[in-house]
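J.: Okay, so TrEMBL annotates it like this:
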REGION    38-88  region 'Disordered'
REGION    102-126  region 'Disordered'
ACT_SITE  HIS205  active site, nucleophile
BINDING   LYS207, LYS434  substrate binding site
ACT_SITE  HIS432  active site, proton donor/acceptor
SITE      SER457  site 'Interaction with DNA'
Amino acid sequence: MASGASPVVKMKTKAFLHLEKDISVKVEIKPEQFGTSTSSLFIGSEARKSATSNQLNPVKFETSPSLAGKRKKEIPEGSGWALSDSDDDAFDEKKKTVNNDNIFKKEPSTPQAKKPKVVNERPPSPHGHILSPLFGTLKESVQFNYCFDVAWMVKQYPKEFRDLPILIVHGDKREAKARLVRDAQPYPNVKLCQAKLDIAFGTHHTKMMLLWYEEGFRVIILTSNMIRADWYQKTQGMWMSPLFPRLPKGSSNAGESPTFFKRDLLEYLSTYRAPELEEWIQRIKEHDLSETRVYLIGSTPGRFVGPDIDRWGHLRLRKLLYDHTEPISGEERWPVVGQFSSIGSMGIDKTKWLAAEFQRTLTTLGRSSLRSDPPLYLLYPSVEDVRTSLEGYPAGGSLPYSIQTAQKQLWLHSFFHRWKADTTGRSHAMPHIKTYMRVSPDFSELAWYCITSANLSKAAWGALEKNNTQMMVRSYELGVLFLPSAYNMKTFPIQRNPFPVSSPSTGFPVPFDLPPSSYTSKDQPWIWNIAYTQAPDTHDNRRNCDSHRSLRYYIMAPVCRTKGECV
């Protein structure tokens, strides 16, 4: 995310992988597959027409070498996934006052080192500037998230939008809330809305933007916190909706999609029971969301029984897979893949939750009574992955698996696989993205794909209680589910080459390499609160047992220093 003010896109080492619109993943990508018609692409402001022209007629360019490796090929503008630029303008101002030498060592820039401006250089890509006027003339916005750096966030809005109303939906309490209130005081246009967390150890972990334009309305669901560290040198995920037009006055059309996205979004927002969101609920009702083809999967705190038991959490995912997928021949050989950045407590053995109710959800395919037991691959970075990453040991501040939790579930580590993403150039950009999927034995097809804020935990996905008659969820989470049936397909072909030179996209993009690479006997999962002093990282740093306090949450994001990522 960037302000869009800089005239030149600076492609560096930013690790940001996102779903760009409500995409279809057919063999040949056409304008109508993006949830809009060809003609409607040119409806709206002059800026939006210019953005469409840039998307359809991109200017070729080359990028500079980086620690992540030189991008030799360009991803097509319409493929649905993109690499964003590095948003360095705000950082350039901030680094003058923050001594960060031990974490990021950069050579001072010189006039001779600056790249001369090229007249025909590619204009700023609208893919990386999600708050840019290229996407619409913004009027108001809501930012749902877990962690905020208010000053940084405000700077990401273009200057012409920076003073418009912004509502922050958060879950902070006590000291953290007082600090957020203090940080928001210099910005009279920024208002706060506190999410109710009535169950212990729950968090407001949903990451969503609601953007209201003169031209319509847009929903963005993502995996990044609103702090700079999350948008720099990490792998993140995002789903961006089409621009939803306003319904004509007196229209009998409810503006609902075949996936009931509008109904589910309104239902999710209503669980906050917040007067500050009532106006937004009404606005959504007045817009046409019919072109959405993803399903919304949310978690919201509470204990749910009867007909409400499968409204939230992993039982919501189970119901969608039951209703909208079909059994597959040989499905017992179709692995389940889960990838996440944090891990909660799951019990003394796998039967307590992971291989019981959660695996039953992940292996549901249609209304088959077959209870298959396919391979389960869990992707989580090893110590070596973090040590050799772009950030080095500081990257571990976003991977808060604690020694206290790990020691109680050593059985879990036998499921672990390395973070490896050579195909997308992201092996050294540590993941904060969370994805879950069902993949064919030859890793060429997907039965379904989910991108979400939910990590591997009962707090996020919920757990059954009272002899499986009650679902208890602690946290707010939000994600979207891609099902082939919504695109008139049986499966999604996996895109093997994310950087085709001229050919159209040929499949669904997966942000890491398949098949996953198992941990070896020498690999250990990253634990964020123990010492690593045997070998230096990529910045020649070693990490003592208390240094996590001075990494992400003190130096990189002081506003989050009392927080660990929720589990």
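Backbone N, Cα and C atoms are what each Cβ position is placed from, and that goes for glycine too.
TrEMBL annotations: computationally assigned, not manually curated.
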J.: Can you grab the distance from SER457 (site 'Interaction with DNA') over to LYS207 (substrate binding site)? Cα atoms, rounded to a whole Å.
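T.: Checking the Cα atoms of SER457 (site 'Interaction with DNA') and LYS207 (substrate binding site) gives a distance of 17 Å.
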J.: Taking HIS205, LYS207, LYS434 as the recorded positions to compare, which has the smallest set of other Cβ atoms within 10 Å?
T.: LYS434
J.: Hey, how far is the residue listed as 'active site, proton donor/acceptor' from the residue listed as 'active site, nucleophile', Cα to Cα, in Å?
T.: 13
J.: Around SER457 (site 'Interaction with DNA'), how many other C-beta atoms are within 10 angstroms of its C-beta?
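T.: SER457 (site 'Interaction with DNA') is surrounded by 25 other Cβ atoms within 10 Å.
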J.: Using a 10 Å radius around its CB, how many other CB atoms surround HIS432 (active site, proton donor/acceptor)?
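T.: Total other Cβ atoms inside 10 Å, all chains included: 26.
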J.: Round to the nearest Å and give the CA-to-CA distance linking LYS434 (substrate binding site) with HIS205 (active site, nucleophile).
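T.: Just about 12 Å between their Cα atoms.
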